[in-house]
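What TrEMBL says about this protein:
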COMPBIAS  253-264  compositional bias 'Basic and acidic residues'
COMPBIAS  292-304  compositional bias 'Basic and acidic residues'
REGION    231-304  region 'Disordered'
TRANSMEM  98-118  transmembrane segment
TRANSMEM  127-149  transmembrane segment
TRANSMEM  185-205  transmembrane segment
Amino acid sequence: MTTIRPTLRRLSELRRALTLTAAVLFVLALTMPVWRITFEAPQYVQTLVVELYAYPRIGGDYVEVHSLNKYVGFYYPDPVYVDPNYDVHEKAIAVPEWVLGPVAFVGTAVVAAVVSVLPEEKIQRGLAALFTGTVVVFASMAVIIQYRLYQAGHTLDPDAPLNGVSGFTPPLLGSYEVANISGNAWFGPGGYLLVAAVVLLAAAFRLRDSRATVGDVPALLRGRWRRIRDRVPGVGSGGSGNRPDPDTDPDPDDRPHLETDGGSRRGSGVDADPNRTPPNTPPHATEDPENERDSLPKPDGDPP
């Protein structure tokens, strides 16, 4: 019990919790289609869907799509070392690395789980290595898949019914068209989980120097919002920032302007009297100094 509690306390740190969550997502992604391709063709009223997994398995309308592909001589790949759930054409390209998909997903998940429980002196380097390695592994997989798509699109069966079709390269993500068949490739459910896992690892890498816990998330979000609000004028203040509101802040020339030296009071509608005695001024202060001196009483004994 004394060993479990410190471990659970450490796993409450965001950098560790995010890493462990990413490990779970990698495993879940392996159980779902990672890649999804939709096809539209005049021969079919409805849209056909083909779903590919991280291992040699194809789901959806793969039988109908295979019937379309054979017209242009484009076939599903041959995983070589295992028997897939579809018929492999004798002229299909060999893709033996397809069987390594589970190794990449499960291996990354295991490493992520181990990194999440590393001691304090190793967690920072562990997160950096994990994030870098994950990006390299899955980016390399994407490059290899795109090359195999190019290879399949440029080695069409010359004996196909439509043998006049030029070579083409189906994109890993995006739309394409060959003959009268339109296709669109995008992430499947497993692909979205894969992207989410990589994003979580990126966040954990960003927080590698922080000991903030899951319970600190609300305070961190509030602090982030305040920093955004301070940096971007108008955010959080109705788009006006610190600028005066013309409806509530009057023009400076329209504000009452009071003066205490007998000047005008702007905005009061009263003109100043040039002969008016300023307030709080002794009465004798406005008299002529000479008359004031003559009016002073003369001391006794002084010559007249």
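Residue numbers in this text run from 1 along the chain shown.
Just so you know, glycine gets a Cβ as well, placed from its N, Cα and C.
Bear in mind that TrEMBL entries carry predicted annotations, made automatically and left uncurated.
Packing against the transmembrane segment (185-205) from elsewhere in the chain are residues 14-16, 18-19, 21-23, 25-26, 28-37, 51-54, 105, 112, 127-128, 130-131, 134-135, 138, 170-176: each is 6 or more residues past its ends and has a CB under 8 Å from a CB in it. For the transmembrane segment (127-149), the residues of the chain that approach it from at least six positions outside its boundaries are 15, 19, 77, 93, 95, 97, 101, 104, 108, 111-112, 115, 169-172, 194, 198, 201-202, 204-205, 208, judged by C-beta separation under 8 angstroms.
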